[in-house]
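Participant: I'd like to ask some things about the structure below.
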Amino acid sequence: MYTMTDQKQWKGRIDSTTNRSSFRLHQQVKRIAMNDVSASDKKGAAIIGFICDEGVRRNQGRVGAANGPNALREGLSSLPWTFEEEQQIIDVGNIICLNHALEEAQRELGDVVSTLLQKKLQCVVLGGGHETLYGHYLGVRAAIPKDAKIGIIKIDAHIDLRPYDEQPSSGTMFRQILEQDPHVDYFVVGIQRYGYTKELFEKADELQVKYVIEDDMTSAANIQPLMDDLQHYMDQHDYVLLTLCMDVLNAAAAPGVSAPSPFGLEPTTVRTILQKVTSHPHTHSFDICEVNPSLDENGRTVKLGAYFVYEALNNLLGGQGL
């Protein structure tokens, strides 16, 4: 179900009502219904929320990520508006998963993402469980030529290649995509070595998934080769889709997730990867998933997630912000 965002989600500190240099995001982000979205000459980005954690429930995880989109909006609200006057950010609302109808909600999200991309807007999806990604992918695939090569880059502790014979979940979507679309490749960074059975790593090799284990990313010497690999991967694809699962981070930095990672990545490492990918000219959309406010401590997962979203918006809009 599609709904508009409540105005109360965009509120915060006001330092000035006239000096643009003192504005914050809640003073500039415009709420616009999907029916009223039009293509613009302005360089623009659109935010869409996916209020759903049905995939997490099906995957036997801890629910609560459905509250992530509005929590992230609140985290973004008081961040400084540093974009150029000709740039715009709009909030087009939410897709809500009702009555456990995950597949229907994913199709609805895909329709929104496709429309936004076809209107030449950069797209940021606020999840939701990581089942958010499948709807994001559906929208990208519908917006570009059928034979265009999509390169998915996922920053995540998990491979998400579980079987979907019985039903899809937050752990199946990449297997769904790779088995259904011959024009997609999949590159995962941050995988937890102790988080998966040998069978799932074997499935990753069978599907020719590129992946980097978390403990191969612990030193600065390892990061530059990864940046080089990402650059080559992005250059080889027509469209790059970036998805971030917050459980990739060390649990001390991001406790508010369904499956926290004791050996997770440091925020600065994730930021470096995010900057690299969202600055590439083939990247036009980004999603952030698994922010669970009910499991958070002092709001630090939400705040970190909001900073990552801001970083993505800044780079997708051409790096005009701070």
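Each residue, glycine too, has its Cβ placed from N, Cα and C.
What Swiss-Prot records for H130, D156, D160, C245 is Mn(2+) 1 binding site, and it gives sequence analysis as the kind of evidence. Swiss-Prot lists D156, H158, C245, D247 with the feature Mn(2+) 2 binding site.
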Participant: For the binding-site residues H130, H158, which one has its C-beta crowded by the most other C-beta atoms within 10 angstroms?
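Facilitator: Answer by Cβ density within 10 Å: H130.
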Participant: Return only the integer: C-alpha distance in Å from D247 (Mn(2+) 2 binding site) to D156 (Mn(2+) 1 binding site).
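Facilitator: Computed Cα spacing between D247 (Mn(2+) 2 binding site) and D156 (Mn(2+) 1 binding site) is 7 Å.
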Participant: Just jot down the residues in the same chain as C245 (Mn(2+) 1 binding site), at least 6 apart in sequence, with C-beta under 8 A of its C-beta; none if empty.
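Facilitator: Long-range Cβ contacts: H130, K154, I155, D156, A157, H158, V257, C289, E290.
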Participant: So how many other Cβ atoms are close to D156 (Mn(2+) 1 binding site), meaning within 10 Å of its Cβ?
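Facilitator: A 10 Å sphere around the Cβ of D156 (Mn(2+) 1 binding site) contains 27 other Cβ atoms.
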Participant: So which other residues, same chain and not among D156, H158, C245, D247, have a Cβ within 8 Å of the centroid of the Cβ atoms at the Mn(2+) 2 site?
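Facilitator: My list of surrounding residues reads H130, K154, I155, A157, D160, G190, M246, V248, A259, C289, E290.
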Participant: I want the residues beyond H130, D156, D160, C245 whose C-beta is within 8 angstroms of the mean position of the Mn(2+) 1 site's C-beta atoms, in chain order.
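Facilitator: Checked against the 8 Å cutoff, the neighbours are L133, K154, A157, H158, S170, T243, D247, V248, C289, E290.
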Participant: Can you name the residues of this chain that are 6 or more positions from D160 (Mn(2+) 1 binding site) yet have a C-beta less than 8 Å from its C-beta?
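Facilitator: H130, K154, S170, G171, T172, M173, F174, R175 - these are the non-local Cβ neighbours of D160 (Mn(2+) 1 binding site), listed in sequence order.
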Participant: So, in DSSP terms, is C245 (Mn(2+) 1 binding site) helix, strand, or coil?
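Facilitator: In three-state terms, C245 (Mn(2+) 1 binding site) counts as strand.
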Participant: Taking DSSP three-state, what's D156 (Mn(2+) 1 binding site) in: helix, strand or coil?
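Facilitator: The three-state answer is coil.
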Participant: Give me the count of other Cβ atoms within 10 A of the Cβ belonging to D247 (Mn(2+) 2 binding site).
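Facilitator: The Cβ of D247 (Mn(2+) 2 binding site) has 27 Cβ neighbours within 10 Å.
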